[in-house]
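Taken straight from Swiss-Prot:
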type     : residues : note
TRANSMEM : 35-55    : transmembrane segment
TRANSMEM : 94-114   : transmembrane segment
TRANSMEM : 132-152  : transmembrane segment
TRANSMEM : 198-218  : transmembrane segment
TRANSMEM : 219-239  : transmembrane segment
Amino acid sequence: MYNLCYIQNLLEYQIAAVEVGQHLYWEIGNFEVHAQVLITSWIVIGLILGLTFLATQNLQFIPTQNQNLIEYILEFIRDLTKSQIGESEYRPWIPFIGTMFLFIFVSNWSGALIPFKLVQLPNGELAAPTNDINTTVALALLTSVAYFYAGLRKKGLSYFGKYIKPTPILLPINILEDFTKPLSLSFRLFGNILADELVVAVLVSLVPLVVPIPMMFLGLFTSAIQALIFATLAAAYIGESIEDHH
């Protein structure tokens, strides 16, 4: 009985070392911002811009391996946007959907592939930007602004007529839907990335390093899927806002 209590206390101590919600704040005027989220976001943006710049230098008619990779990514984003928004309207939205997908994809993977834990901060620790609810909410709200803008740009004020279609009785439900879209986008992404990092952190604290490796690979796969889901839904919402209802 004593041994069981000792093991339980040991496990509780190790798991308790995995802290959630610790933040380093920067004061900008009267506001406080999460410093580690800004730092890791800048790292992710720098990686995307740097790799894109290097891969697009010295473009050739017969593409190199790096050029092939960039062209494949661009074609993938183009096809994704085209399938959700439509043949006639998709081109202006390729940069937006592509930026969303690449930022979320690299952010998700950075939590597993970049040794953020080696960087010591006065408070908190560095982690994937999408591990913070503020980042995912900002991305979701940006998506909401995008599909409202798309609908108003194409249809004008008649865009709001969708709220009373097919019957005015559905007005409250249709309005509520516009609030649930960003909520579902933000909490789905945040929950999956946070849960993945917590599971790996707990396993590393309990068992040797080799055991959590399969979970890390599974986390990389689910992180890529979450980036794809977010980009697909963002494109689908934009396509829904500009489609003609009869």
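Heads up, residue numbers simply count up from 1 along the chain you see.
Any Cβ shown, glycine's included, is placed from N, Cα and C.
Tertiary neighbourhood of the transmembrane segment (132-152): same-chain residues 34, 37, 41, 93, 96, 100, 103-104, 107, 159, 162, 178, 181-183, 185-187, 189-190, 230, 233-234, 237-238, 240-242, selected by CB-CB distance under 8 Å and a gap of 6+ residues from either end.
Remote same-chain partners of the transmembrane segment (219-239), defined as residues 6 or more beyond its termini with a Cβ less than 8 Å from a stretch Cβ, comprise 77, 80-81, 83-86, 89, 93, 96-97, 100-101, 104-105, 108-109, 111-113, 139, 143-144, 146-147, 150, 181, 185, 188-189, 192-193, 196-197, 199-200.
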